[in-house]
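As written in TrEMBL, here are the features:
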{"type": "DOMAIN", "residues": "415-525", "note": "domain 'TMC'"}
{"type": "TRANSMEM", "residues": "98-120", "note": "transmembrane segment"}
{"type": "TRANSMEM", "residues": "196-215", "note": "transmembrane segment"}
{"type": "TRANSMEM", "residues": "293-314", "note": "transmembrane segment"}
{"type": "TRANSMEM", "residues": "334-360", "note": "transmembrane segment"}
{"type": "TRANSMEM", "residues": "372-392", "note": "transmembrane segment"}
{"type": "TRANSMEM", "residues": "424-442", "note": "transmembrane segment"}
{"type": "TRANSMEM", "residues": "529-553", "note": "transmembrane segment"}
{"type": "TRANSMEM", "residues": "586-611", "note": "transmembrane segment"}
Amino acid sequence: MVLTLPTGCFCYMEQDQAAVGPRTDRGDRSDTRDYQQADIKYLSGGKQWKRTSSKSLKKVLSEVKEFLSYLELWRHDIHSIEGKFGTGIQSYFSFLRFLVLLNFIIFILMFSFVTLPSIISKYGMFNSTFAKIPPKNIEPHCTVYEPSGSKGLAYFYNYLKDLLSGTGFLEMTSLFYGYYTIDAAWISIMRYNLPLAYLLTTVAYLALSLIWIITRSMEGFKQNLVHAEDQFQSYCNKVFAGWDFCITDPNAARLKHRSLQYELQTDLEEERLKRKIADRTTQEKLRIYSLRIFINIIVLAVLLGCFYCIYRATVYSQENSKDVSNMNFLVNLLVQYLPSMVITMANFIAPQIFLFLIRFEDYSPAFEIRMILLRCVFVRLASIGVLLFSLWSQISSCDTDKCKACGYNYELYPCWESEVGQEMYKLMIFDFIIILAVILFVDFPRKLLVSHCSCKLVQWFGLKEFQISDNVLEIIYGQTICWIGTFFSPLLPAIAVVKYFIIFYVKKISLIHTQKPAARPFRASSSNFFFLVVLLIGLILAFVPLGVSIAHIPSSKACGPFRNFNTSWAVVPDTILEFPKVLQQVLYGIASEAFAVPFFMVICLVMFYFIALARAHKRVAEQLKEQLAMEGRDKQFLIRKITEAQRHP
């Protein structure tokens, strides 16, 4: 039986088996098994052993994979969320689990290669010692570093302030860069170069993050290519394959019905807009493009205003946070957290302005969502860059000869890497506090009001929707902070693991009891790919400040493993000088233009080859689609002819 659709798509449904005849699948499988067993008998002993070993290995690997799936973190919780709310919201929690695992691996790397050797050598464990090489050709005033902290009797609120800001008793712990002042450690007879290990571990966790994200995003990219079909196939997929069979909750089922209805309405709206765009006159095009240019100027002005406020807040905080004599505990804490509060306000206010302005730009619903998300991503991630730029402008500000001799503002920032680490620490802590505060003091009271108050205004507001995109941007913002801050605060990934671990359960409870799924859902098939693409943007943006800090800004001469080097990167050529001459020449040759230019050309040729290959595969896929459609039409024609022949024998 053939079901013909108005769009030209078709699908086949099996007829009653009794009308066709008895099934022979079981007999066919039995015959195939007999042929395989007979084939094995005639194989040589070596080939029989190889085939048997291969089957046994596959069986063992399958059982191990099944066993490991039971050990997967939050397996039951995520399946429960998937059953109640569908795969769209489930993808957010799966993404959160991925970040927990990623940060745990980064923590293991930093702790194993940086923190643990320092602790072992400082406490003399395993017959270990350490060496501190005094800085050479450095002015004595550049090496003075007295960590801030309470002298004498300290009150509880001082400890609380230090815990929230990373100063005082936390400043010289292994949490921050200033703790790692060892130049080399001897564990038994092995010499451990801590500065080189510190730099290489930083490069390793960035490379690991990049490779892992790209690997995970490939599957989503393939799904996106599949979903980038024409509207005819999209319509068929929504009608015949759009239902999420993981849903078991009746409310979630009703929501899925509304979701499919919304997607179909969105497709129709996009088609209507396409026709409207095609019918626009020159005057209408000029008007809409002029309006979009004007609105984008307003958006740019909003962004510049946010960035200027962040810059001024950072400068004011850095200039006044050290002066605690004329401030009480609360005022000093507010001054230290001023940049974090301004960034949070910018992340809240700017998206609301963008949401209002985009209504006048006359975009399609899908493009409208992408444009808002793009602007929100830029605000969240660029605000971190503005904060770091503000810090660097203060660190590099030198007006005296003494300051220029050090290469940085040694009076305000004797250990500037720890200061940057403290700012990243405060951003992460404040972001965590805001997430918890919104859920506890906004979402839960709103739930109580909606449940127990019959006021029309309250019922009109209703429960808060669980916006997947906003929640994802929230945790990607925190992950970008972690990537940047790990170089300046090696144990920051451990804090991120604890933070995301708590957020998982808090968000789960909030979703079940105080929120409802969004009426305008995110497409579940492409959500994972979108999450990873935005995460990749955050990682690429993290490369910029880390690269500037490592290769351009002079390292502190009073603390840290790089105090004997002009920059952190200088440890690499210094280490290469200890290699044999032949190896030095090979490495210098690889780093020279004579190698780099041909290598770049070869990479370009390989890239062009794969692009051409992908285009060829795309053409073949299109031809196969056309062939399948033609075969479907041929089958319809033959079935009609057979039906006519049966009617008129």
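One is the number of the first residue shown, and numbering goes on along the chain from there.
Every residue, even glycine, has its Cβ placed from backbone N, Cα and C.
Note that this is a predicted model, so its numbers are computed, not measured.
For the transmembrane segment (529-553), the residues of the chain that approach it from at least six positions outside its boundaries are 91-92, 95, 199, 202, 206, 209-210, 213-214, 216-217, 220-221, 223-224, 373, 377, 381-382, 384-385, 388, 392, 395-396, 408, 416-417, 420, 469, 472-473, 476-477, 479-480, 483-484, 487-488, 522, 567-569, judged by C-beta separation under 8 angstroms. Residues of the same chain lying 6 or more positions beyond the ends of the transmembrane segment (334-360) and with a Cβ under 8 Å from any Cβ of it are 161, 164-165, 167, 291, 295, 298-299, 302-303, 306, 309-310, 313-314, 316-317, 320-321, 327, 368, 371-372, 375-376, 379-380, 383-384, 387, 390, 423, 426-427, 430-431, 434, 470, 477.
This prediction places the mean pLDDT of the domain 'TMC' (415-525) at 85.
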